[in-house]
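Taken verbatim from TrEMBL:
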type	residues	note
COMPBIAS	267-277	compositional bias 'Polar residues'
REGION	254-277	region 'Disordered'
TRANSMEM	7-27	transmembrane segment
TRANSMEM	54-72	transmembrane segment
TRANSMEM	79-100	transmembrane segment
TRANSMEM	106-126	transmembrane segment
TRANSMEM	147-169	transmembrane segment
TRANSMEM	175-193	transmembrane segment
TRANSMEM	200-217	transmembrane segment
TRANSMEM	229-247	transmembrane segment
Amino acid sequence: MGISRDNLHGLVLAVSSSVFIGSSFIVKKKGLKKAGDSGTRAGEGGYSYLYEPWWWAGMVTMILGEIANFAAYAFAPAILVTPLGALSIIFSAVLAHFILQEKLHIFGVLGCVLCVVGSTTIVLHAPQERNIESVKEVWHLATQPGFLVYSALVVIAVSVLIFYCVPRYGQTHLIVYVGICSLMGSLTALDTFNTAVISPVYYVMFTSFTILASMIMFKDWDSQNASQIATELCGFITILSGTFLLHRTKDMGNTPKPDEEAPVFGDTNNRAPETAA
């Protein structure tokens, strides 16, 4: 199956976004390390990184990546653009291996390969982007019963998570904050839980909800048969598997001793991990 011209433009922009964003993490970290060598580290309340050109270069690179990612949605459907965000993880991991000397374990390499295979599968079978000719058409799509029901369910789910689940389970179950983030598209929870777990879980939920909302609103898959949809789902699952594997093993070989390691699913404030029910 060929790739349409619009999908090709979206693909180039999405991959460019991943390159910029993945690189930005390395450039900013290099700036933070240089700033920490000459002053108080950012993690200890220092602000010397604001005077470090490398850190600002990383910020500019990230902004360029986000702009490219935003533009990609103008050409290609969410099922193509959103999963390709996983490629930024690959670029970040590879650059960290060579520039920051952060060892990339063999399972991390396997995770990168899975992300590439899954991305290729989705690119080759992505549906055509629906042509939107006016703001009125967008409003019509956004006020369809199906999308209105979905929006109402999102508001209800977020309200339940904020007012009921956060006070009771917010400090012990990462799915609470990540669920709010994924549903509303904002960021939080990194101060409480392990980043190695937060990142892939957030990616999975945010990507899944974005694709679901796109399917409901724009009906991207109406023109596809069951075989094409199944292939895209397999590609998506492959990317998710690679993302989890890459994040879960990224510090393998460089981790502290077992008795010094923080629990993955607990918080990082020196509390004991939650026991199984």
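Glycine residues also receive a Cβ, built from the backbone N, Cα and C atoms like all the rest.
Predicted, not measured: the structure shown is a model, and the values here were computed from it.
Recorded stretches compared: 54-72, 79-100, 106-126, 229-247; the one with the most Cβ pairs under 8 Å to the transmembrane segment (7-27) is 79-100. The transmembrane segment (79-100) shares the most Cβ pairs under 8 Å with 106-126, out of the stretches 54-72, 106-126, 229-247. With a threshold of 8 Å between CB atoms, the same-chain residues lying at least 6 positions outside the transmembrane segment (229-247) that come near it are 79, 83, 86, 89-90, 93, 107-108, 110-122, 125-126, 196-197, 199-200, 203-204, 207, 211, 221.
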